[in-house]
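S.K.: Swiss-Prot lists these features:
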{"type": "SIGNAL", "residues": "1-22", "note": "signal peptide"}
{"type": "DOMAIN", "residues": "25-221", "note": "domain 'Laminin G-like'"}
{"type": "CARBOHYD", "residues": "157", "note": "N-linked glycosylation site"}
{"type": "CARBOHYD", "residues": "244", "note": "N-linked glycosylation site"}
{"type": "CARBOHYD", "residues": "317", "note": "N-linked glycosylation site"}
{"type": "CARBOHYD", "residues": "322", "note": "N-linked glycosylation site"}
{"type": "DISULFID", "residues": "403-436", "note": "disulfide bond"}
{"type": "CARBOHYD", "residues": "463", "note": "N-linked glycosylation site"}
{"type": "DISULFID", "residues": "512-549", "note": "disulfide bond"}
{"type": "DISULFID", "residues": "527-539", "note": "disulfide bond"}
{"type": "DISULFID", "residues": "564-580", "note": "disulfide bond"}
{"type": "CARBOHYD", "residues": "590", "note": "N-linked glycosylation site"}
{"type": "DISULFID", "residues": "628-652", "note": "disulfide bond"}
{"type": "DISULFID", "residues": "658-671", "note": "disulfide bond"}
{"type": "DISULFID", "residues": "665-684", "note": "disulfide bond"}
{"type": "DISULFID", "residues": "713-721", "note": "disulfide bond"}
{"type": "CARBOHYD", "residues": "716", "note": "N-linked glycosylation site"}
{"type": "DISULFID", "residues": "726-746", "note": "disulfide bond"}
{"type": "DISULFID", "residues": "785-805", "note": "disulfide bond"}
{"type": "DISULFID", "residues": "882-902", "note": "disulfide bond"}
{"type": "DISULFID", "residues": "918-938", "note": "disulfide bond"}
{"type": "CARBOHYD", "residues": "1075", "note": "N-linked glycosylation site"}
């Protein structure tokens, strides 16, 4: 029985222990909130990227799309706000790695309105503070903890305590800074129609930049317990001697009461303070106790048996036979009778057995109790002294604050061996110092303007003044002064002041009334400097003055016989002689005899010339110019004499409707001047973000040149006016195989055969049965070699038969095994160097090199590649048709071996280029029927490529007529790299759109057209949310070691291969010049990834200081301007209709032109759409 009792007590003890532990766990779970979990943030959340943090079992997140961050669940938010009010605050625990010197919101509560915020916690890396911002009665309050060192790109474990009056920050186990709150802002928090977020700021600049992990809100737990759970150890002595700035009371034994003068606080939750070792010792002691109890039970049983034997020996009293009585000390006691053996033992007779027990005394509450004779228990004498047992009070502690209201404490101890010590052991009182300076840094603000002052004059024009002061508010704590002037002055007008009249200057003397013999001359003046006004006095004096003139005697006049040429001045002398002055304007001679002057010959450039032909007409006398030629505008001067001819020359300017604003382009279109020789002289192109024929433009969301809605364009419109069949995905070719109105780019089943494109082995041909004989993942119905494995489907001669199964790949009627250029059409099979490779496809046609190696990918074999290029135009000297003049395009229209750039007669028609009205077409007759300066033979097609100039992307180069990347050279920049695969390019829109589908090593798809000055534009779009790396384009490509590249990174990242050099890639647009000494390989690969300069590899010309990365599923449009002659490079990037990136003018003359191409590095599903390049060599 005793054994069962012991086991029962042990089971009760274990049950209470486990139950207490479970309650603690439930309480912790109820009062601790995982903010990422209640926000439903996981790996599927858009814009949330998974990373590995310090705790490998829990994911860390970086947010790049803050508009997709979900708020807390409403029911959880209501509970959190309720707990904040109950606990008078909260504790925030988080593990984070914040980007260096960034400013980011960690936690924010916004609402009930759309733009209202109730409070937020912001880590300000620029100011190195942790800011608590809250709003009370519409006013913003900012409290900053300083020198926190959070935004340094290092992992930090922080604990933020906002409880009562405390605002404290712990990093790890260290208290960094603290502040006393003056307002209980948490009492005004509202959950209704509100939203709480992590990482999301009120504006774009306040979003959190970095990684977050293990972010929790904790309630009903002291800051000491939170830190203890994080492994922070605090010694007992330290805890006892620490006085908290809050009004919490130290927890002592329940036997001692505490008196507190200040505000009451709720009792904090207690936790088990026994270690596992202590509990083990307790079980050992319980086992020993069980042994002792068993021994006592055995001894008691022996005593009972001995008593029974004694009872039988003595025997009962004869008179008490058949009665239940008890014997003790010779006395007989009846059944149920009780008696006191001594003062502290009481016995009772029960069924002839004596049962005794000791009297239990209640505890006394005094130090000196007294005993009354005959009584077992001591008693206290009554005393009214409440100080009994207490030590004297200690001195008051220092005030808890240095300004404002605080508290002081004092204590005393109790001698518990002498007294129960009624009353408190700690007392608290208020203390007050000078008022705290709660000022914060604030910028100055202007007061209202004062009234205008009175006018500074009583008549006429004066000034009035008003002032304002920089005192609303006054700048303080380093705040900025007010911007602007504190004084304004304006004119004021009163009645005009009287103006007295003043004489003006005398006029010249008039001609004398006679030339000799005495005459009269006069002069006059006016009272107009100024005239008398507004009651002023008139001028005093005469208005006219007379004088005698020509008083000499009259001579004999020799000019009366008109001896001089008409118009020449005749001078007569007193002796009767005469002389003639110079010939009149327009004549040459001695004054007596004059001849006509031919101004057209004397001033050869007096009139406008067309093709060096003079358009001046000489008259007698004088000259005049013919009207400006057709499509020119300007003056038609005429006159007489050299002075007029020299000063009034004819200027004829080509008509330019774009400049004159006489064009008919849409307001959202750009007028592009084509030249006065073109008909029409201009064309209209819709601006970025719009599409149409230029006369009419509509919205174009995906920037692929097709409008969102149908446009009513002109009847002869040839450009995009039809509604975009994929309005949200760039597809400039508008391919629609099944004609269902939905473009192939966004149609999940292009051929309507019931098999989605990503699973269809013939996505553009109806084949529901999906037969594939050769297992090359190309269906038999669309396989150009159905019985030969050829997944690439290359068909060089475009005859429908793939190269893998064709006996004549290039279609030149020479079988492959006998064709020395199997992939190039060459019927003559010429092979000058006899290396077995035909001249048409030989990269060294004059030097034996059967292996055809080309290490630098410049289309010149290594055997004959000397890389000597004095003019830096990408063509080595012995292959350059102008070795000393840069001409990357190598244009040579008369095929004489001398490039146009250094050929004085490009068409070899005997007319020098500067006088040839068709510089690129043979026309020795120079016929020009309309006299506009452009020869008839090249009127609308200057380069004779059968493409009208208005549609020709290079109207002065017959080798290039349209944008076309259908044929390109694939250049792997890390050909031996094993980290990823090579790029995979898909061609669309007749080479005006390319899609790169693979997550690849760095590579270029470079076209074969070559350019000097060029404009290059295209639409950039990433059709996936996977990865965040580089894409862009190249220009001035001369080899895989020499080119310019514009590359765009989504997020900042260190390259995963840190050999041979460590590479840091920053988000944003970078413009780089590659001039590698090693060529393709891992050195160039890491240098391209790195944002900065790598000696001997890459030099960064410009990086966008805003570090804006591209976004998934967003269309961008780039525009490049490159002028190698001056070194000008300029790049614009549009997002929608707005310019997002503008490099401004950058100058670099490393390379004088080259080829264009597209670039990718570790980024898949990149769309390059609506590509367009135009020559700008003119």
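Glycine too: its Cβ is placed from the backbone N, Cα and C atoms.
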S.K.: Going by DSSP, is residue 658 (disulfide bond) sitting in a helix, a strand, or coil?
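M.R.: Note: residue 658 (disulfide bond) is helical by DSSP.
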S.K.: If you measure from the Cα of residue 403 (disulfide bond), which of the recorded positions 157, 463, 527, 1075 is the nearest?
M.R.: 157
S.K.: Relative to the Cβ position of residue 902 (disulfide bond), how many further Cβ atoms are located within 10 Å?
M.R.: 14
S.K.: Relative to the Cβ of residue 436 (disulfide bond), which residues of the same chain, six or more apart in sequence, are found under 8 Å away?
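M.R.: Residue 436 (disulfide bond) has long-range Cβ partners 401, 403, 404.
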S.K.: If I take the Cα of residue 628 (disulfide bond) as reference, which of the recorded positions 512, 539, 684, 902, 1075 has the closest Cα?
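M.R.: Closest by Cα distance to residue 628 (disulfide bond) among the recorded positions 512, 539, 684, 902, 1075: 684.
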S.K.: Calculate the distance in Å between the alpha carbons (Cα) of residue 665 (disulfide bond) and residue 590 (N-linked glycosylation site), and round it to a whole number.
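M.R.: Roughly 62 Å, rounded to the nearest whole number.
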S.K.: Pop the Cα-Cα gap between residue 684 (disulfide bond) and residue 157 (N-linked glycosylation site) into the table, whole Å please.
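M.R.: With distance taken Cα to Cα, residue 684 (disulfide bond) is 60 Å from residue 157 (N-linked glycosylation site).
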S.K.: Summarise the model confidence on the domain 'Laminin G-like' (25-221) as a single mean pLDDT, whole number.
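M.R.: Mean pLDDT across the domain 'Laminin G-like' (25-221) comes out at 88.
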S.K.: Measuring Cα to Cα, tell me the gap between residue 918 (disulfide bond) and residue 882 (disulfide bond) in whole angstrom.
M.R.: 22
S.K.: Under DSSP, is residue 671 (disulfide bond) helix, strand or coil?
M.R.: strand
S.K.: How many Å lie between the Cα of residue 721 (disulfide bond) and the Cα of residue 539 (disulfide bond)?
M.R.: 78
S.K.: Tell me, which disulfide-bonded residues from 671, 726, 882 are within 10 Å of residue 684 (disulfide bond) if we use the C-alpha atoms?
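M.R.: Final answer, ordered: 671.
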S.K.: Test of understanding: give the count of other CB atoms lying within 10 angstroms of the CB of residue 539 (disulfide bond).
M.R.: 18
S.K.: Counting distance between Cα atoms, which of the recorded positions 512, 671, 713, 1075 is nearest residue 564 (disulfide bond)?
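M.R.: So, of the listed recorded positions, the one sitting closest to residue 564 (disulfide bond) is 512.
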S.K.: When you measure from the Cβ of residue 549 (disulfide bond), how many other Cβ atoms are you left with inside 10 Å?
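M.R.: Taking all protein chains shown, residue 549 (disulfide bond) has 17 Cβ neighbours within 10 Å.
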S.K.: Quick one: give me the count of other CB atoms within 10 A of the CB of residue 671 (disulfide bond).
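M.R.: Cβ-Cβ neighbours of residue 671 (disulfide bond) within 10 Å number 20.
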S.K.: Under DSSP, is residue 463 (N-linked glycosylation site) part of a helix or a strand, or is it coil?
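M.R.: SS state of residue 463 (N-linked glycosylation site) = strand.
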